[in-house]
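Here's what TrEMBL has on this protein:
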TRANSMEM  6-24  transmembrane segment
TRANSMEM  45-63  transmembrane segment
TRANSMEM  69-91  transmembrane segment
TRANSMEM  98-118  transmembrane segment
TRANSMEM  138-156  transmembrane segment
TRANSMEM  163-182  transmembrane segment
TRANSMEM  202-222  transmembrane segment
TRANSMEM  234-254  transmembrane segment
TRANSMEM  260-283  transmembrane segment
Amino acid sequence: QTQLLGVLLAAASNFLVSVSLNIQKCAHLRLVCQAEQKPYYTSKLWWCGIILLGLGEVGNFTAYGFAPIALVAPLGCVSVIGSAFISVFFLKKTMRTADILGGTLTITGIYLLVTFAPNVPQELTARQVQNYLVSWPFLVYSILEIIVFCILLYFYKRKAVKHIVVLLMMVALLASLTVIAVKAVSSMIALSVKGKMQLTYSIFYIMIVLMAASCAFQIKFLNQAMHLYEATAVVPINFVFFTTSATISGVVFYREFQSAALLSVFMFLFGCLLSFLGVVIIARNKKEEHLQIPFIDCGHIPGQKLTGKIQPDSHSSCYGTLNKEDDSVKRQS
């Protein structure tokens with residue numbers, strides 16, 4: 001019953017996340033169509049999306065206290081299915097046969113995930129978390145993750161590479177730390193409520209700081225991806241990266257498949273494969289649409305001797321700029 005509650009919480013929370021991402025993308029599109037330059041955080045619609053995203057993440061936080069990471073993380077495919085259908089209303093997309101087929105495969109994968117997920121104790125004490133934190137498998141995993149993240153961050157900062165894979169890989173690497181911290185914090189709070197006080201241990205507060213910091217940077221990179229790319233592209237890729245990273249972290253840190261039968265592991269992986277395949281089918285051939293923004297006739301602007309027309313750039317933080325003539329050109333009085 002406890003694990004079932006975690007499944008229901010995770011499914012509902014990821015549906016809210018899919019709604020929030022589409023609302024944020026809708027807010028960005030509206031800002032692009034406005035003549036006046038405004039940053040996205042001044043949009044009320046964008047903040048509505050952020051609030052829904054927060055509610056979804058709170059639900060996911062609670063779900064990790066009732067179910068293993070290997071089960072909660074793959075249920076992010078609910079957000080993919082939700083995004084495919086919700087985008088029809090928010091972003092005026094067209095429902096395709098591929099969306100229905102992909103959704104069917106994904107739902108089948110969810111059934112296998114829930115059925116063959118590892119059944120491990122969900123109550124974790126502070127001492128157990130401390131022992132997991134200093135175990136050699138996690139130390140090796142952490143070193144590798146830090147190296148990969150630093151390489152990606154170098155290309156992002158120094159080389160200005162903002163490809164969707166780079167952005168979402170950084171999100172996934174941060175998410176692996178987030179789910180570890182969330183699982184620990186949620187379990188320690190649950191034990192404390194039951195009378196086994198765990199909040200006096202320093203590891204509890206270390207995990208809270210780790211959770212907050214990784215979540216903040218996830219939002220930064222995920223919002224950057226949503227600003228530059230279509231939600232129907234961001235959500236599926238983010239799901240695949242996040243699920244893989246979170247499941248690996250659960251296996252390495254909490255050893256969730258340590259006592260699982262071989263058949264259960266195989267069927268669980270097959271369920272993941274079906275979910276991934278469904279996500280790929282949903283996202284296949286979905287190209288980024290060009291916005292139908294009217295061109296601006298620069299010749300009608302007083303004080304500027306310009307010819308030709310320009311169009312706002314939807315891929316930059318400034319929604320359109322004007323070219324200026326040389327200083328030698330005098331302005332009309």
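Each Cβ is built from the backbone N, Cα and C atoms, and glycine gets one as well.
Stretch with the largest number of CB pairs closer than 8 A to the transmembrane segment (98-118), among 6-24, 45-63, 163-182, 202-222, 260-283: 260-283. Against the transmembrane segment (69-91), stretch 260-283 shows more Cβ pairs under 8 Å than any other of 45-63, 163-182, 202-222, 260-283. Contact count against the transmembrane segment (234-254) (Cβ pairs under 8 Å) is highest for 163-182, out of 6-24, 45-63, 163-182, 202-222, 260-283. Listed by sequence, the residues of this chain that lie at least six past the ends of the transmembrane segment (260-283) yet keep a Cβ under 8 A from its Cβ atoms are 70, 74, 77, 80-81, 84, 98-99, 101-113, 115-118, 232-233, 236-237, 239-240, 243, 247.
Remote same-chain partners of the transmembrane segment (202-222), defined as residues 6 or more beyond its termini with a Cβ less than 8 Å from a stretch Cβ, comprise 53, 57, 126, 129-130, 133, 167-168, 170-171, 174-175, 177-178, 180-182, 184-185, 188, 234, 238.
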